[in-house]
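Structure, as structure tokens:
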Amino acid sequence: MSGEEEQASLLRVLINCAEKAANIARTCRSNEQLLALLVQEKSGSEANERFEHDFKTLADVLIQETIKHEVAALFPAMQDAILGEESPNFTNQLGESVTIAVGATEEDTAACLQAVLSGHEDAASALATEVHRDVSFSSEKLGEIAQLPDELDYGNLGIWIDPIDATAEYISGDTMFTDFPGITSTGLDCVTVLIGVYERDTGVPVMGVVAQPFGEKLEENVYSSSMFWGVCLPTVRAHNCHFEARDENRRLGIFSSSEQSDILQRFLDLGYEFAFSAGAGHKALKVITHEVDVYLLSKGSTFKWDTCAPQAILRALGGDVLGYAASVAEQKAVPLKYLIEDAEADADWKRNAGGIISVRNVDVVDELLAKLAEQ
């Protein structure tokens, strides 16, 4: 493809990658053999913790490696900076080391998967088919895809991938709703695919795609994706997230069920109501869709792959994802950044160790930070 076509297509490629990831996730739940592997629990002499863990992780790794393969093929300057949550290295039932990789053909990929899924050739073949399927996501809700600037330096861009966020919800599939219509606390609606692009020299997130593989239920056990994207570059700010606020007269925060009670009390003092839900990506998405005003997590239990994509979209909307501890300490918004050089100084550099605050409107931050700093 020409340079101009390449520059114009990155966002479209990421959207199609997110849909391919969603297809793989849905295949694992709709294929009987794959679903049985996904949810099986063995006991006694049948127990094989390594294999059970490997299959639950396999869908993650396969999605991650598929996205890396497709983006690197079209944008080779980005190849060394496409990062994800999972290691592609497995140990199968025979004790053999297997590295999951997307092959040149569907047959090559199936053979690689069979080395992990020994005895489950049909399952490996079904997954390989989805990896190599041509995908072009379309939806009226997708909007007009932003045209990226010609001068965009792809060698200065990196990607963080969370292939399946809310893995426990993905495996269980059980859905429960909060007290607020449309917000689920558990279940497949909480599952997201997160692909975030950041500038390598500044660490600033500039492009994000968030997909819900089970966002729209078409019929029993049949789903289609909900897709959200945003671009926040110096010369381009665009998104498809045009949502009205749930209720201008109500304040709503969304939290993990394990959030500290004293922090919740401070939100209560400011007039906020609460929703509790699973999945970091899902909770950030509720801020993006204007269903809640803020998502706060005081613990350092999210990682760069959880926040890069939502942060890019929120920046396109005039919001951001902030470091909780740093912002409270400095009494100003301190956005998360994604500098790889941090890896040399901090072994735990992938973690958002100081917690996070996600907001759609940064104007709410000053009052909130002042309240959180009170002794």
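Backbone N, Cα and C atoms are what each Cβ position is placed from, and that goes for glycine too.
Because the structure is a prediction, the values reported are computed rather than measured.
As given in TrEMBL:
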BINDING   Glu85, Asp162, Ile164, Asp165, Asp306  Mg(2+) binding site
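Within 10 Å of the C-beta of Asp162 (Mg(2+) binding site) there are 32 other C-beta atoms, taking all protein chains into account.
There are 28 other Cβ atoms within 10 Å of the Cβ belonging to Asp306 (Mg(2+) binding site). The Cβ of Ile164 (Mg(2+) binding site) has 28 other Cβ atoms within 10 Å, all protein chains considered. Most Cβ neighbours within 10 Å, among the binding-site residues Glu85, Asp165: Asp165 holds that distinction in the structure as shown. Taking the mean position of the Cβ atoms of Glu85, Asp162, Ile164, Asp165, Asp306 as the Mg(2+) site, the remaining same-chain residues with a Cβ inside 8 Å of that point are Asp60, Ile161, Pro163, Ala166, Thr167, Thr192, Val193, Leu194, Ala280, Gly281, Phe303, Trp305.
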